[in-house]
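Data first, discussion second: the structure below is written as structure tokens.
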Amino acid sequence: MATNGENGRHQEVGHKSLLQSDALYQYILETSVYPREPEPMKELREITAKHPWNLMTTSADEGQFLSMLLKLINAKNTMEIGVFTGYSLLATAMALPDDGKILAMDINRENYEIGLPIIEKAGLAHKIVFREGPALPVLDQMIEDGKYHGSYDFIFVDADKDNYLNYHKRLIDLVKVGGLIGYDNTLWNGSVVAPPDAPLRKYVRYYRDFVLELNKALAADSRIEICQLPVGDGITLCRRIS
């Protein structure tokens, strides 16, 4: 997540790898990711690269990972909290069957509309229901309605880190038993292992404690199985088991 004060801090979109070697990361992208990247996703990635907050996007290797994951679990009904220009949303829409659905929520429709023409051109807009505004009130209403309990196959969260635990408290009721929740940025620029006096960017330092709190809570949650992966900026997969 970026703020105006962080504009221009990195001009290469999606460069969020935790690999120690930039050359190794480029090797992965150029050998296994970019050659297999669908044209609509490539187009959106290149457009997003021009956005001043481009580091907010899902990286290309993580998009590829999400696509494979969704197909492996035969996901059909999904949710995404935090959309930005829609790169991960597009990856999801392309991976779902034609009658698949995505409830997508973001506080900024303007960014979503950057990617919307590409989504429409790809013939995927019918899979997406976009809701502008904070996600928590929507989730609370869904839980109150009762009919959405256990109805989601996959939920991807890449939004305000200070609300991740609040999201989890609600999403655990909305994802089905055997379904997955994916929390993005759970290694948070590698800051989760940084010493207290490490020189961190202001926004990294601000959200660091929230990410640490989330990781600790997920590890202790007996309702889920977890797997934390160093893909992109770190993603934790939570499989609901009860």
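Any Cβ shown, glycine's included, is placed from N, Cα and C.
Take the S-adenosyl-L-methionine site that Swiss-Prot assigns to Thr58, Glu80, Gly82, Val83, Ser88, Ala135, Asp160: the candidate from Asp99, Asp106, Asp173 listed for it is Asp106. Within Asp153, Asp158, Asp221, the residue that Swiss-Prot lists together with Asp184, Asn185 for binding divalent metal cation is Asp158. Other residues of the chain with a Cβ within 8 Å of the Cβ centroid of Asp158, Asp184, Asn185, the divalent metal cation site, are Thr58, Gly82, Val157, Ala159, Tyr183, Thr186, Gly232, Asp233, Ile235.
Cα-Cα distance from Asp158 (substrate binding site) to Thr58 (S-adenosyl-L-methionine binding site): 9 Å (rounded to the nearest whole number). Around Val83 (S-adenosyl-L-methionine binding site), the same-chain residues at least 6 positions away in sequence with a Cβ under 8 Å from its Cβ are Leu89, Ala104, Met105, Asp106, Asn111, Tyr112, Phe130.
Rounded to a whole number, the distance between the Cα atoms of Asp184 (divalent metal cation binding site) and Glu80 (S-adenosyl-L-methionine binding site) is 11 Å.
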